[in-house]
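So the structure is just underneath, and the comments pick up after that.
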Amino acid sequence: MAGLEPLYAWARAAISRPQDALVCGVHWELVRHGYRCLGTGDQPGPDERKSELLPAGWEANKEVYTLRYKSTDDARELLLKAIMVEDSMILNVMDRGSQKVADVTLAVADYINPEHLDDFHKVYKNTEELSTRIASGILAPLGAPTEKAKKEPESKKDLQQDDDPLRIPPRQPAGTRAPSWPSPVNPFAVGGEDLDPFGGRSGGMIVDPLRSGFRQPGIDPSSGIPGRLPPGAVPPGARFDPFSPLGAGRPGPDPDHLPPPGYDDMFM
């Protein structure tokens with residue numbers, strides 16, 4: 001609870017009972033969460049202004065402490081009443097704008113050492129628990145003060161592409177270069193195409209003379225193999241395993257251009 005020590009030193013002369021020290025701690029928690037004290041009592045007084053300090057006469061009534069707060073952005077005004085019931089303190093806080101009410105009951109002995117009111121370093125205990133109780137029991141139900149609008153970007157280049165919910169993100173991350181696929185004649189690229197689900201590489205284990213990396217004259221894979229398949233049977237860019245010689249357009253000698261010996265001898 002940074003900042004509570006100078007506040008406690010300033011208010012020490014008015015602190016005579018353990019509940020005074022607890023109210024001082026509760027006040028500082030509200031200040032830490034964006035509220036400033038306006039004064040005491042249910043109604044505003046003359047020349048009020050927001051302050052981090054406790055107003056004069058805040059400890060006059062040891063049974064019911066009444067303080068008013070306003071957020072730093074002037075959006076909320078709170079009325080705090082700390083009511084002593086035996087050894088416990090009931091914090092009742094109302095948001096005057098929304099009329100919402102929140103309350104928390106604190107056992108004074110759980111957070112204050114009554115024998116050390118003169119020593120700030122010993123008077124408070126379980127400060128983290130006190131902060132949590134006030135934040136969850138009072139500030140959360142009533143709502144925290146609204147933050148001021150964030151500064152608008154100075155230029156459109158400050159906006160990230162991910163800020164547009166209708167934009168389809170690119171497959172390739174921004175700022176990176178497309179990977180360079182190995183050459184189709186690279187002996188170490190064997191099997192690479194079989195690992196690529198998009199078929200953008202070469203080097204697969206399926207032998208495809210139409211996509212071997214060398215230009216094949218007179219053959220268009222997208223139009224089908226001449227004399228074997230109709231046009232459109234092989235989709236454009238698809239890998240295809242020929243099941244027969246490629247026809248007359250295939251370069252080089254045709255292994256079937258000579259008939260086998262004695263093919264026309266009826267007695268063989």
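Including glycine, each Cβ sits where the backbone N, Cα and C put it.
The following features are taken from TrEMBL:
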type	residues	note
COMPBIAS	147-166	compositional bias 'Basic and acidic residues'
DOMAIN	12-146	domain 'PI31 proteasome regulator N-terminal'
DOMAIN	173-245	domain 'PI31 proteasome regulator C-terminal'
REGION	141-185	region 'Disordered'
REGION	201-268	region 'Disordered'
Quick one: mean pLDDT on the domain 'PI31 proteasome regulator N-terminal' (12-146)?
93
Would you list the DSSP helix, strand and coil counts for the residues of the domain 'PI31 proteasome regulator N-terminal' (12-146)?
44 helix, 41 strand, 50 coil
